[in-house]
Structures are given as C-alpha cells and as structure tokens.
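According to TrEMBL, the features are:
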DOMAIN    54-116  domain 'Glutaredoxin'
DOMAIN    143-480  domain 'FAD/NAD(P)-binding'
DOMAIN    500-611  domain 'Pyridine nucleotide-disulphide oxidoreductase dimerisation'
REGION    1-35  region 'Disordered'
C-alpha cells in the first residue's frame with residue numbers, strides 16, 4: 001500500500017509532519033460555537049471520519065502524534081491528517097472530538113470508522129494485530145454492525161458502536177404473546193419487566209404506607225380504593241415515553257432502526273421481515289445477537305388459551321381479581337407480592353423450591369414474609385389443566401393440579417392464572433444453524449468466550465441469550481457497551497460477571513451480591529467460612545407496630561482471605577438501595593474488619609452491617625427487642 005507524500009498544510013509551523021494526505025478541515029469559524037454550529041461541526045467531523053480509511057487528528061508539536069504518524073508511514077498506509085494547531089477552529093474541533101470519543105487529547109486515530117484511540121492504544125492495537133485487522137476490513141457490506149434485538153443490551157451496543165463512528169442497524173420485532181400483547185422498542189426491561197414491575201411494586205408499597213400512616217397520626221374517614229385502570233394507564237404512558245426516547249436516541253446517533261424480524265440466510269446476510277410480511281436483505285461485517293427471552297408455557301390443556309404471563313400482566317386492561325401465580329421464580333414472587341399488596345387474593349403454586357439459584361435461607365424468609373401479608377402457598381403441586389368456567393374480564397377459571405410427591409389431585413377456582421415458570425431464549429428462529437453458530441440443545445442459549453464471541457468469529461451475543469451469565473439488564477447494558485468498544489474502539493476491557501448485585505422486589509425486598517451460603521460452602525468449604533447474621537427492626541416499623549423479627553441481614557466471609565466478604569444478603573425495606581452500595585465495596589475487596597471500622601448512619605437499615613457480631617456457628621440468639 002503506497003503513501004502519498006504531500007507537503008505541510010500552508011502556514012504550518014514547527015517540524016514537518018510525516019508525509020500523508022492532509023484532511024480538509026470543517027468550515028472555518030472562530031470563538032465559542034453556538035449549538036447549531038457545534039452540531040454542524042460534529043456532522044462534518046463524522047463525515048470526514050466516515051469518508052476516509054484512516055484519519056489522524058494531530059498537532060504538529062505533539063511528540064505522541066509524531067510517533068503515530070511515523071507508525072502509519074512505516075506501514076505504508078495512506079492516511080489523512082488534520083493538524084488541530086494549524087486550523088482556526090482547532091480548539092472547537094478537539095472539543096467536538098472529545099464529545100464523540102470521550103478522549104480529550106491528541107493524537108486521536110480512526111481506522112475504517114473505528115476510533116482506535118490515542119498513541120498508546122494505537123501501538124497496543126498494532127502489537128496485538130487489531131490495527132492490521134481494522135485496516136484489512138472489507139468495506140463492501142451494507143453495515144459495519146447489525147444488532148438483532150432492541151432490548152437493553154442490543155441498544156447499548158448499537159449506540160456505542162455508532163458513537164465510535166460505525167454504520168449500525170438495529171433489527172427489532174416483538175412477536176405478540178398468545179394473548180396478543182406486543183410492545184415497542186426497549187426490550188423486556190422497559191416494556192414488560194423491570195420498569196413496570198418496580199412501579200407496581202411501588203403502588204403496593206403505597207398501600208402499606210396508607211395502613212401505617214394511621215399510627216403516625218394521619219386520619220381519614222373516606223374508604224381508600226385502588227384503581228387498576230388508573231395505575232396501568234399511568235405506567236403504560238411512562239413506558240411509551242421510554243420507548244420513544246430509545247427511538248430518538250438511535251436517530252440522534254444515526255443508527256438505522258428497522259421494526260422487522262431478523263433471520264440469517266447465509267454468512268454475513270440477514271433477512272428482515274416486517275409485520276406485513278415484506279422482506280429485505282441486509283449485510284454486515286459483524287452481528288450481535290441480543291434477542292433475550294420470553295415466558296415459558298406449561299404445555300398443558302388451556303395454558304395458552306386462558307393463562308397470562310408477565311408479557312401480558314403489566315398492560316392488562318382489567319383488574320386480574322383472585323389470582324393463581326404458577327412458579328417460584330423471582331418474577332412469580334414479585335408479581336404475587338404486588339398483586340397481594342394491591343388488595344387481591346393471591347395463591348402461589350410451587351413445584352419445588354422458592355427462588356432456585358438464590359440463597360435458600362433467604363428464599364424461605366422471603367416466602368414467610370409474603371405469607372404474613374396474606375399470600376397463600378401451595379407447595380409441591382403443578383397444574384395439569386386449565387378450564388374456562390366463565391368468560392369475562394377477568395372471568396373464572398378452574399385449575400386442576402397434581403402433587404409432585406404422590407397421586408393427590410386438587411382443584412381451585414380463580415379469576416386469573418399467571419404463569420411464571422421460567423423463560424426460553426429467543427434463538428430458535430434466527431437461522432443460526434445456517435451459519436454455524438452453536439446453541440445449547442438443553443437451554444437454547446448461546447455459548448460464548450470471555451469476549452461474548454460465538455462459535456462464528458463475526459457473530460457476538462449479549463444479554464439473556466448467553467449461556468451461564470446473569471440475566472440482568474445492567475449486565476446486558478455493560479456487556480453491550482464494552483463489546484462495541486472492543487470491536488470498534490480499540491479497547492480491551494471485558495464485562496465482569498462476578499459479584500453482580502441483584503434485588504428481588506417482593507413486598508419486603510431481598511438484595512444480594514456474591515455467593516449464596518450453599519454455593520460458598522461448595523467453593524470454599526463450610527469450615528472456612530464465617531457467616532455473620534442478625535434480625536433487625538427498621539425504625540419506621542416500630543410505631544407502625546410491624547413485626548420486629550422479619551428483616552434479616554447476613555454476610556458470608558472467607559476465613560482464608562482475611563475474612564473477605566464473599567456473600568452479602570439483606571431482607572428489608574429498600575434492599576436494592578442498600579445492596580448497590582455494598583456491591584461497590586465488595587468490588588474493592590470488602591472485609592469484615594472494614595465493615596467493623598465503618599461508622600453507620602443512624603437510624604438506617606444499612607447500618608446493621610457495620611455492627612454484625614453474631615456468627616451462625618456461635619448459635620447465639622439474634623432476635624431483636626428494640627430498634
């Protein structure tokens with residue numbers, strides 16, 4: 001590859017730059033730019049990056065810029081150089097570049113629209129072979145990246161890739177549930193997951209606050225009622241605004257969004273089919289699978305015809321009435337919890353254990369706290385048939401269930417049956433087998449390496465479709481963003497899937513980070529662990545007259561590693577807010593001594609972790625008699 005040896009930009013001062021074709025700067029301007037001018041400058045810069053194979057933003061006197069220019073010269077690569085100290089609006093260009101790349105210094109190097117970075121990152125990319133790979137990329141594809149799936153992980157990856165100067169498309173299509181429910185851009189979390197779930201959880205907490213308020217002096221004679229329609233209308237309005245904001249964000253970053261179902265037809269090519277059955281073909285250098293999961297059905301008579309799932313519940317146009325929740329997952333218990341909190345009769349049918357995969361002591365305490373609120377549990381039963389007795393909104397259903405431990409059969413009458421027995425990955429109809437992407441036969445999930453790369457080198461995956469990774473929105477967002485930076489930004493940081501905090505938003509929240517007690521025993525052996533625990537009584541509960549021995553805190557420490565905290569668990573109000581802070585501390589190597597050295601904020605629930613003294617091994621009483 002030849003290097004065109006051209007002279008300096010006219011008026012240049014200082015030592016001459018290495019030979020190279022000088023990039024034409026954006027339109028001249030001086031002083032601080034207005035919003036419109038700044039946007040125009042940004043557009044011109046992106047056009048410059050988009051239109052050239054190699055662009056180096058440099059300064060003639062910068063030794064690091066000189067090293068980078070000499071590197072490309074030695075490689076015989078034809079590059080375009082813009083010397084920021086030689087143009088009137090150099091400072092404005094550098095400011096705009098920092099907004100695009102988050103890098104404030106020069107040199108700033110782009111190769112085939114990928115922001116490689118500064119001097120160190122460019123040389124690291126050269127040593128690792130990434131630079132050569134970027135230089136050799138085939139520009140013949142329609143897009144640099146096509147993301148299949150418009151949920152949290154997919155959108156994070158797509159937008160970050162676009163910020164790094166890549167041409168990106170997002171294909172997203174929601175197949176309606178058996179009840180006909182569909183939604184817009186944003187995936188499960190925004191539309192039928194975290195967001196509406198937390199808002200309905202809040203609605204239930206407000207009901208409990210009304211009950212508590214009388215003890216705090218609030219007097220009201222009017223009967224207080226809850227309106228399901230008012231709640232769902234407000235929540236769906238908020239969700240609609242979030243979905244629109246996602247579309248707007250894609251538009252602002254020049255990401256092409258197509259509301260079509262993506263399916264591979266051959267290597268580097270997908271077929272996109274919209275709701276009218278119209279098809280289009282697109283090609284890309286790289287693909288990211290971020291299709292997530294959908295609720296599983298039982299496969300029994302009447303389940304698809306008469307039951308609902310979390311796909312349907314949050315936009316249900318009528319109050320569900322007396323509800324049977326089938327399942328013991330966090331989705332099942334969260335939904336059962338807020339429905340009960342809204343004043344509905346709720347029964348949970350459990351096949352085996354509560355919250356499989358979570359700490360089982362905590363899971364049982366969650367169940368016990370829900371029973372105190374009136375939730376009924378049917379243990380060791382599974383439905384075998386659902387019959388419709390009456391049509392209506394909600395109507396009446398008969399559920400026939402069989403014991404998992406014998407031949408006993410029971411029947412129950414409910415207005416609504418909510419299935420929350422697990423979720424299946426959306427990987428079966430993507431055409432992955434046509435290009436050789438390995439998919440687990442057992443789980444339907446996609447195995448990847450530590451860089452989210454599948455068995456096909458140009459295909460990656462993030463989010464809930466991954467085999468053996470936490471199925472949480474913030475995990476998908478982080479993984480998607482870091483993946484884009486590795487693919488197109490010359491970065492090397494990988495997603496850390498260890499010590500990921502999470503919360504189950506049952507009426508009494510359960511937050512955790514790190515190992516369950518069972519898993520810690522398997523990994524480190526029980527004799528090497530110190531488990532500190534206590535029950536506690538939130539101050540807010542005292543005047544309200546709520547139970548003083550329901551909330552619970554526990555940490556699991558590794559004796560062989562300076563009593564490092566390897567498991568954190570809390571059952572109590574606002575457990576999510578508490579857990580988030582301690583998760584950061586665990587990332588920093590939190591130990592029991594550091595907790596002891598920390599002064600608590602009084603009176604809070606979180607302070608209990610700074611005063612833990614009793615270990616399980618001691619057998620001492622942990623019941624509380626005061627705040």
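From the backbone N, Cα and C atoms, a Cβ is placed for every residue, glycine too.
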Is it possible to list how many residues within the domain 'Pyridine nucleotide-disulphide oxidoreductase dimerisation' (500-611) are helical, extended or coil according to DSSP?
44 helix, 33 strand, 35 coil
Looking at the domain 'FAD/NAD(P)-binding' (143-480) alone, can you tell me the average pLDDT?
97
Could you count the residues of the domain 'Glutaredoxin' (54-116) that DSSP puts in helix, in strand and in coil?
27 helix, 16 strand, 20 coil
